Amino acid sequence: MIDLGGIKVHPSHLARDAQAALLDDLRDVIRAAPLFQPETQRGAKMSVRMTSAGDLGWISDRRGYRYEPRHPAGGDWPTIPAALLDIWRDVSGSDVQPDTCLVNFYGEGARMGMHQDRDEASLEHPVVSLSLGDQALFRVGGTARGGKTQSLWLSSGDVAVMGGAARLVYHGIDRIRFGSSDLLPQGGRINVTLRVAGR
Ligand SMILES: O=C(O)CCC(=O)C(=O)O
Ligand SMILES: [Fe+2]
């Protein structure tokens, strides 16, 4: 286990065959709830495409960031794949089940700016984050914007847990190494985050 500014990173938590099986589950999620490219409140398109599973899904549009019980195109979010609940059980240290699973897809050139995860109703539960596919440069700071940062390349199968004092640290993805993994036939990276958003 690696401690990155309080974030606990479990390298290779998921073996290759389990990654491939989970990818099949995520394809079903995406078939039921297609990826969309959210806009920020200021009207800029995010470079990451996303969708969700669970009772709630995270969205962003001109009205801001929030959780919604339906996909922007209408329709319930699909259920969270059971294999992800197993990961949550193994690493979260929480006996509350996650009610949302955000699926982020990073194509070539996609990135995610530094931010805190704080749209959840209660911030006492951890965020559990799984990387699949191409490597990504993960940057972690402190709980205030603009402080010192540390970086780590996340690889397919790695799991990061943001909990306790690290629940509100600033973090982002500077870039991916497009084509560095052959898990996704077309290249790119999928990041899956599990959260308790609604309680
Ligand atoms: O892609 C990642 O590893 C981080 C994603 C993230 O920070 C988020 O979805 O809030
Ligand atoms: Fe985040």
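Every residue, even glycine, has its Cβ placed from backbone N, Cα and C.
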Per TrEMBL, H115, D117 bind Fe cation; matching candidate in H10, H13, H171: H171
Of the candidates D90, D95, D119, the one that TrEMBL places in the substrate site of W58, Y65, R66, Y67, R145: D119
Length of the line joining the Cα atoms of Y67 (substrate binding site) and D117 (Fe cation binding site), in Å: 12
Neighbour tally for D119 (substrate binding site), based on other Cβ positions within 10 Å of its Cβ: 17
DSSP-derived helix, strand and coil totals, residue by residue, for the domain 'Fe2OG dioxygenase' (97-198): 3 helix, 45 strand, 54 coil
Fe cation site shell beyond H115, D117, H171, criterion: Cβ within 8 Å of Cβ centroid: M114, Q116, M162, V169, Y170, G172
Of Y65, Y67, N104, Y106, D117, V192, binding-site residues neighbouring ligand 1, Cβ under 6 A: N104, D117
